[in-house]
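Peer 1: I'd like to ask some things about the structure below.
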Amino acid sequence: MGCKNLLSLGQQMLRRKVVDCSREESRLSRCLNTYDLVALGVGSTLGAGVYVLAGAVARENAGPAIVISFLIAALASVLAGLCYGEFGARVPKTGSAYLYSYVTVGELWAFITGWNLILSYIIGTSSVARAWSATFDELIGKPIGEFSRQHMALNAPGVLAQTPDIFAVIIIIILTGLLTLGVKESAMVNKIFTCINVLVLCFIMVSGFVKGSIENWQLTENKSSPLCGNNDTNVKYGEGGFMPFGFSGVLSGAATCFYAFVGFDCIATTGEEVKNPQKAIPVGIVASLLICFIAYFGVSAALTLMMPYFCLDTDSPLPGAFKYRGWEEAKYAVAVGSLCALSTSPLGSMFPMPRVIYAMAEDGLLFKFLAKINDRTKTPIIATVTSGAIAAVMAFLFELKDLVDLMSIGTLLAYSLVAACVLVLRYQPEQPNLVYQMARTTDELDQVDQNEMVSASESQTGFLPAAEKFSLKTILSPKNMEPSKFSGLIVNISAGLLAVLIITVCIVAVLGREALAEGTLWAVFVMTGSVLLCMLVTGIIWRQPESKTKLSFKVPFVPVLPVLSIFVNIYLMMQLDQGTWVRFAVWMLIAFAIYFGYGVWHSEEASLAAGQAKTPDSNLDQCK
């Protein structure tokens, strides 16, 4: 009996979501277009990083070669963005990576993904709100910070912030109120701030190229101190030239620059609020990443042309660079752009946060009252207010520098799961899920052969076991031209094995870096064997028949691109320190307590599995 109950629980955790086939039906308001999505993605991604991150990475890691660091980071982000784009075309519903995981790899993984997305958005909102407050305080002479230190100091070093940030709380309250008014209104404000930000960045790039000098990309160490006007012995000069810290410095800078592109995934949460989601979401993701890369590339190039990389101020590099060139008045233009960027960033974090909460509550995995929709504004008002309140409390009490890495680990985990979902789903047979049917036209749905549809109850508990026998021939040379249950099972097993192998490669590459450099036998053997097995398993997946489902957008070069995306994301996760992993473990313990205490028993999919599900025939009729 115990084994039977354990098996039943396992099936519950792996059940997959069957989504309503209706294309248009949504409780949310469909009012966003492609331009709105591009503005949302650019506003979320092109935030404080462009005004601060470029200086820190150029000075400490890459020098003028920071432009290559941003290029590598952009390519890594595009890999994840392409995977999000395909799922946006397949499943244009609210929920982003959470929903993508739910319809592909099962309920437990979906809950983990959604829970970490919520964490990322909350921390992103709180940290940028504090940055906005600090920037504004700096601009007016720091009276707010001085008042807080004198009258509101918190005596809990290492636990709470030195002073509470009331202004950050006010910012979050204003943005929360703006989001409760409606999607169209908040999107309009976002577009205005984003346009101002882009114009300021264009001004910075043009000014930098005009006032800059190519000599700053060709410096040697003996030219350093006179150029900076100081004799600081702590300044790192490297070897000079365009790539002063070598290619390893460029890669190290790319790992940091990757986080500058985090934010585009908020586009994928708008599936039920976009007029034409199958086309608008992929275009919005790719276009926003392209615009952000051009901005990061141009600003970092202008910055290192205007001023020697080793002289850059890591906190406020752009005002320092203009001052170095004798144009101190330009700092006001930089301040305007910085405040606009810091205004769109929390809006970009707060916009998807309640929508992920709403999607999880609608599915019964979080408390049901969080799924309430305001009748007038058609927004998830309870989820918006709740998430805003949590973000405000964190911004008020905590120094968030220790939580930034925690935000990154949650985002990278979501990216990895989405890439894995694309890899798995591309090789699965047709199922009655919206995963396939939402991407089709009504005429195409009329032609679906009902005999090819498997039952909804079977599909909920995972991919079905195969009737064929495993053999080298059936694995490497499948008979069918279309995906079957057997080929789908092979891909599932291969994807799981591939994840283990990639994790092994990343652990050895990061933790065994010195052993690899010294040629230690065990490190070389494990690394070589794991890489070869990764190539073999990827080849096995490539040999399986691929789904011919027509979509408005598909990731090219599958399975190679999703595998590369998973590798990059896991490698960056392994770069995070031990404290981050401990905090991540605590966050996950809270997640498991909620899921096993509430979610697994109140899941809507559990109700369907218990007998309330519609028959495959009725699901098909609904699509016609």
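Here the Cβ of each residue, glycine as well, is placed from N, Cα and C on the backbone.
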Peer 1: With reference to Swiss-Prot, specify whether R15 and S487 are located on the same side of the membrane.
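Peer 2: Both are annotated on one side of the bilayer.
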Peer 1: Report which of N222, N492 appears in Swiss-Prot with the annotation N-linked glycosylation site.
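Peer 2: Among N222, N492, the residue Swiss-Prot annotates as N-linked glycosylation site is N222.
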Peer 1: So which of 380-400, 404-424, 488-508, 580-600 has the most C-beta pairs under 8 Å when paired with the transmembrane segment (103-123)?
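Peer 2: Between the stretches 380-400, 404-424, 488-508, 580-600, 404-424 has the largest tally.
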Peer 1: Using Cβ distances below 8 Å and needing 3 or more such pairs, separated by at least 6 in sequence, tell me whether the transmembrane segment (333-353) contacts the transmembrane segment (380-400).
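Peer 2: Per Cβ check, the transmembrane segment (333-353) touches the transmembrane segment (380-400).
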Peer 1: Find the member of 163-183, 242-262, 380-400, 404-424, 580-600 that has more C-beta pairs under 8 Å to the transmembrane segment (62-82) than any other listed stretch.
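Peer 2: That would be 242-262.
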Peer 1: Short question: most Cβ pairs under 8 Å with the transmembrane segment (163-183), which of 380-400, 404-424, 555-575?
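Peer 2: So the stretch in question is 380-400.
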